[in-house]
Amino acid sequence: MISDKSPPRLSRPSYGSISSLPGPAPQPAPCRETYLSEKIPIPSADQGTFSLRKLWAFTGPGFLMSIAFLDPGNIESDLQAGAVAGFKLLWVLLWATVLGLLCQRLAARLGVVTGKDLGEVCHLYYPKVPRILLWLTIELAIVGSDMQEVIGTAISFNLLSAGRIPLWDGVLITIVDTFFFLFLDNYGLRKLEAFFGLLITIMALTFGYEYVVAHPSQGALLKGLVLPTCPGCGQPELLQAVGIVGAIIMPHNIYLHSALVKSREVDRTRRVDVREANMYFLIEATIALSVSFIINLFVMAVFGQAFYQQTNEEAFNICANSSLQNYAKIFPRDNNTVSVDIYQGGVILGCLFGPAALYIWAVGLLAAGQSSTMTGTYAGQFVMEGFLKLRWSRFARVLLTRSCAILPTVLVAVFRDLKDLSGLNDLLNVLQSLLLPFAVLPILTFTSMPAVMQEFANGRMSKAITSCIMALVCAINLYFVISYLPSLPHPAYFGLVALFAIGYLGLTAYLAWTCCIAHGATFLTHSSHKHFLYGLPNEEQGGVQGSG
């Protein structure tokens with residue numbers, strides 16, 4: 001029988017602080033060669049009034065986080081949705097972005113209130129075996145995301161060079177450019193954030209240009225955006241809608257955002273400062289994801305206009321009669337609906353609107369791949385340091401991640417063809433969706449715990465909304481698996497799927513169980529997991545020191 005009485009509450013030096021489990025005093029960590037080596041001061045202003053100077057000081061983490069909404073996997077998902085369903089799935093893109101904002105809001109609040117990122121909190125609360133398994137799944141998500149960035153960058157080099165740079169060469173080039181970008185943050189945190197802002201601007205301008213030249217029907221676009229219907233849709237459209245959600249909400253991005261917000265100097269001994277930081281980070285994230293939504297909308301609308309219901313024969317004839325006739329051979333001469341990817345997408349834009357459209361598309365794709373590369377590096381370092389307390393330099397970290405990403409990508413690029421490389425991109429979108437519960441469940445667990453978040457714990461409405469998000473994610477994953485099973489090439493693969501499913505469902509069930517405990521389901525609590533109700537045994541739970 002578990003007592004409903006919580007342990008005595010003691011005073012503590014800062015708001016939402018989390019101490020580790022009893023044990024030897026930790027040794028001082030070496031200087032961290034990460035994004036967090038520099039803190040941005042927050043200017044003073046009258047309490048209770050909105051300040052543009054303060055908003056500017058808080059601006060940065062949200063835009064870095066938003067880059068995961070614009071990676072090559074998202075671009076491919078957008079263009080395929082446009083080609084398959086026209087403008088009918090724009091409302092799915094809108095609401096998937098809103099769901100993503102809700103998840104990122106929780107991540108930012110955890111980092112601000114506790115002063116720890118999600119990986120660090122997982123290290124404190126989960127036992128060793130679930131913690132290691134959880135870390136491995138997030139590392140898998142990061143490697144999968146990095147593979148998408150490698151694919152997108154390699155294809156952009158191939159398009160920009162008119163095919164002179166083979167795909168496998170483009171993959172190898174990504175090794176060099178990644179290490180080049182690692183030196184950028186030596187020039188200061190704000191300059192690094194400004195560079196990411198430049199890459200987002202390049203994407204907005206390039207994909208915005210495609211939108212202008214394609215000139216999609218504004219009435220049909222607005223209808224697809226506001227009406228949550230899909231008349232005449234079947235399984236292909238439904239699978240594409242599921243793919244949009246999986247591509248938009250990425251698991252490693254939740255861990256990343258919870259760490260990025262720690263780069264601002266927030267006095268966590270003052271309740272009012274914590275509340276203010278939460279507000280400004282939410283405003284910044286809303287602006288950043290609004291920009292990412294507009295860019296994704298540009299891509300989906302362009303291909304909804306240019307590709308929807310188009311056959312391979314029609315695409316072949318368009319290219320054969322254009323200045324890019326050498327590209328016509330990539331489209332088979334049949335009456336099947338064209339199956340588009342990020343390579344074919346650039347080609348058909350060039351055939352329809354001139355070579356400039358192709359090269360501008362490739363530049364936008366290159367910007368998407370490069371920006372995502374750096375944020376993936378930071379996510380990997382934060383996750384490794386949080387879960388394992390293992391300090392690696394950025395150089396070593398990116399070498400590990402990029403090596404894991406490049407090997408399978410090079411093999412596909414060398415021994416298979418472009419279609420298989422783009423198909424790998426689609427498979428990686430499915431992987432990201434399957435791994436999403438391993439980020440959403442922990443963030444929902446810890447942000448719902450008063451022992452961790454104090455008065456900033458999720459309220460009933462927030463818990464209801466985020467629980468619905470989790471149910472939606474699980475339903476999406478189940479649908480993905482059921483839809484994918486018939487496509488397995490050999491019955492022997494079913495055994496591998498079953499083995500994977502046992503581990504996957506076991507870890508998901510454990511995380512769901514602890515999440516229910518954190519939501520107050522005391523009847524589910526085991527004596528070994530009382531800390532999900534009351535906090536860690538030696539955790540100090542007092543109020544705020546200072547004014548509030």
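Cβ coordinates come from backbone N, Cα and C, glycine included.
What Swiss-Prot lists as topological domain 'Cytoplasmic' is 1-55 (among others), and the listing cites sequence analysis.
Residues or ranges marked as transmembrane segment by Swiss-Prot: 56-73 (among others).
Marked as topological domain 'Extracellular' by Swiss-Prot: 74-82 (among others). Same-chain residues lying 6 or more positions outside the topological domain 'Extracellular' (74-82) and placing a CB less than 8 Å from one of its CB atoms are 89, 92-93, 152, 240-241, 243-244, 246-248, 296, 299-305, 307-308, 340-342, 345, 364-365, 368, 422, 425-426, 429.
Within its own chain, the transmembrane segment (83-102) has Cβ neighbours under 8 Å at 69, 216-217, 220-221, 223-231, 233, 236-237, 240-241, 244-245, 248-249, 285-286, 289, 292-293, 296-297, 300-301, 303-304, 307-310, 338-340, 465-466, 469, 472, counting only residues six or more beyond its boundaries. Taken from Swiss-Prot, the feature transmembrane segment covers 83-102 (among others), and the record attributes it to sequence analysis.
Through the fold, the topological domain 'Cytoplasmic' (103-139) approaches residues 14-18, 20-21, 61-62, 65, 249, 251-262, 266, 268, 274, 277-278, 281-282, 285, 289, 380, 382-389, 435, 438-440, 442-444, 446-447, 452-454, 456, 458, 466, 469, 503, 507, 510-511, 514, 528, 531-532, 536 of its own chain, all at least 6 residues removed from its boundaries and within a Cβ separation under 8 Å. Per Swiss-Prot, the feature topological domain 'Cytoplasmic' maps to 103-139 (among others); the stated evidence is sequence analysis.
Listed as Cβ neighbours of the transmembrane segment (140-160) (distance under 8 Å, sequence separation of 6 or more from its ends, same chain) are residues 68, 71-73, 75, 166-171, 173-174, 177, 250-252, 342-343, 346-347, 358-359, 361-363, 365-366, 368-370, 372-373, 376, 379-380, 383, 401-402, 404-406, 408-409, 413, 418, 421-422, 424-425, 428-429, 431-432, 435, 438-439. Sequence annotations record features per position, and here Swiss-Prot assigns transmembrane segment to 140-160 (among others) based on sequence analysis.
The annotation topological domain 'Extracellular' is assigned in Swiss-Prot to 161-164 (among others) on the grounds of sequence analysis. Away from its own ends, the topological domain 'Extracellular' (161-164) comes close to no residue of its chain (no Cβ-Cβ distance under 8 Å at least six residues beyond either end).
The transmembrane segment annotation in Swiss-Prot covers 165-184 (among others).
Annotation source Swiss-Prot lists topological domain 'Cytoplasmic' at 185-193 (among others), citing sequence analysis. Sequence-distant contacts of the topological domain 'Cytoplasmic' (185-193), counting only residues of its own chain at least 6 positions beyond either end whose CB sits under 8 Å from a CB of the stretch, comprise 35, 38, 40, 59-60, 63-64, 263.
Positions annotated as transmembrane segment by Swiss-Prot: 194-214 (among others). Residues 63-64, 66-67, 70, 184, 291-292, 294-295, 298-299, 301-302, 305-306, 349, 352-353, 357, 360-361, 363-364, 367-368, 370-371, 374-375 of the same chain lie 6 or more positions beyond the ends of the transmembrane segment (194-214) yet place their CB under 8 Å from a CB of it.
Residue counts for the topological domain 'Extracellular' (215-237) under DSSP (helix as H, G, I; strand as E, B; rest coil) come to 12 helix, 0 strand, 11 coil. Here Swiss-Prot flags 215-237 (among others) as topological domain 'Extracellular'.
According to Swiss-Prot, the transmembrane segment annotation covers 238-256 (among others), on the basis of sequence analysis.
Taken from Swiss-Prot, the feature topological domain 'Cytoplasmic' applies to 257-284 (among others).
Look at Swiss-Prot and you will find 285-304 (among others) tagged as transmembrane segment, backed by sequence analysis.
For the topological domain 'Extracellular' (305-346), the model's pLDDT averages out at 83. As annotated by Swiss-Prot, topological domain 'Extracellular' applies to 305-346 (among others), with the evidence given as sequence analysis.
The N-linked glycosylation site annotation in Swiss-Prot covers Asn321 (among others). In the three-state DSSP scheme, Asn321 (N-linked glycosylation site) falls into the coil class.
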- line: DSSP says Asn335 (N-linked glycosylation site), in three-state terms, is coil
Statement: CB neighbours within 10 A of Asn321 (N-linked glycosylation site), counting all protein chains shown, number 11
- prompt: To the nearest whole angstrom, what is the C-alpha distance linking Asn321 (N-linked glycosylation site) and Asn335 (N-linked glycosylation site)?
  reply: 18
Statement: Residues outside the transmembrane segment (427-447) whose C-beta sits under 8 Å from one of its C-beta atoms, at least 6 past its ends, are 73, 76-77, 103, 106-107, 109-110, 118, 121-122, 125, 134, 137-138, 140-141, 144-145, 147-148, 242-243, 245-247, 249-255, 258, 453, 457-458, 463, 466-467, 469-470, 473-474, 476-477, 480-481, 484, 504, 507-508, 511-512, 514-515, 518, 532
Message: Counting only residues 6 or more past its boundaries, what in the same chain has a CB within less than 8 Å of a CB in the topological domain 'Extracellular' (215-237)?
response: 84-91, 94-95, 297, 301-302, 304-305, 483
